[in-house]
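Chemist: Mind having a look at this structure? Questions to follow.
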């Protein structure tokens, strides 16, 4: 199993190109099931989850072509199987996103209950409740969600804000008979990106980017060409890496307007930030200052950046509190950071961080996707060598992270065994 070996190597300097967002690419790929036409996606990150989604769609009969760099062509005209099996779904929660489009287009779907990162309860009850409100008959048996029925437009008020639930119901509503009103929608940039692509495909959606979307169902959707929105979490991860090591790095193919709260927190930590329409520059010449973090739904501070800022706060001047309100059990990186010399205690959903002057390298284990990113960031500033194990988590969400960081001066290498 691959590992990353990391050693501090001074400030980072240069340019990094940000990949497309995994959390946008996966639902966009699933949207290919809504049409018999061809959906052409650009700026797709070549990640483990993307490849799993490719296999899943191909297993359902869709024709999926890729240049293995950043482009995919998905044709749903050849779909001949409405079942998403456990073997693929178990590794990735986003697999549940085939449920809505498959049911809407074919009138039936079977999807194994999903897997993914072990960061607490992330149930799919809102997905199922919404589809039932639209007329679906749903049973759960033998580990599968089995749904059938012709969907009809209705009012769906989600009990909690859910990104995946919003995406699943939005896709389903595009082909439902009549008008669907989706209330308490997630407004993350990735949801907006999906909605904008669906409109290109012929969907009639109003209220995009707000908590209430109105969808007028159409008889069919067409293919289109769409570029995946840049990954704000990958961009934020690289910015934290520069903030902890010092230096100046420019991120290209970035989307600063999707991550303003993260940029504000970096400024609060002492970084100088400049940004244009599609680039972000960070200049860090001092020890970071501790910053309080409270994760909330977009447009607040994203839970997917909590672990990276925990690493930054670990070596910051002063003390702070980090409050996690989105997921329980999302402090699994804390014991690993403490193994490196951090001074972090937890109480319920709150972590108390007392900054130390320097961390020391250690062998640490990645426990989930963003936790693994925090350990990489910590290793860049630690004295001695850090070895991050179980980096298959990292590969689910970061495209060539060691090459990108290495290109700006980080001492980081992937090793086998």
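Cβ coordinates come from backbone N, Cα and C, glycine included.
Quick paste from Swiss-Prot:
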ACT_SITE  117  active site, proton donor
BINDING   22, 23  phosphoenolpyruvate binding site
BINDING   93, 122, 123, 124, 125, 126, 304, 326  UDP-N-acetyl-alpha-D-glucosamine binding site
MOD_RES   117  2-(S-cysteinyl)pyruvic acid O-phosphothioketal
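Help me see these features in their spatial surroundings.
Modeler: Proximity of residue 22 (phosphoenolpyruvate binding site) to non-local residues of its own chain (separation of 6 or more, Cβ distance below 8 Å) is seen for 45, 47, 49, 50, 231, 396, 397, given in sequence order.
Cβ environment of residue 124 (UDP-N-acetyl-alpha-D-glucosamine binding site): 96, 113, 114, 145, 164, 165 lie under 8 Å away, each six or more residues apart in the same chain. Secondary structure at residue 124 (UDP-N-acetyl-alpha-D-glucosamine binding site), as computed by DSSP, is coil.
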Chemist: I need the nearest neighbour of residue 23 (phosphoenolpyruvate binding site) among the binding-site residues 126, 304, 326, using C-alpha distances.
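Modeler: Spatially nearest to residue 23 (phosphoenolpyruvate binding site) by Cα position is 304.
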Chemist: Any idea what DSSP makes of residue 326 (UDP-N-acetyl-alpha-D-glucosamine binding site), helix, strand or coil?
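Modeler: Going by the DSSP assignment, residue 326 (UDP-N-acetyl-alpha-D-glucosamine binding site) belongs to neither helix nor strand, so it counts as coil.
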Chemist: What are the non-local neighbours of residue 304 (UDP-N-acetyl-alpha-D-glucosamine binding site), defined as same-chain residues 6+ apart in sequence with CB under 8 A from its CB?
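Modeler: Listed in sequence order: 233, 370.
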Chemist: In terms of DSSP three-state secondary structure, what is the assignment for residue 23 (phosphoenolpyruvate binding site)?
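Modeler: Assignment for residue 23 (phosphoenolpyruvate binding site) reads helix.
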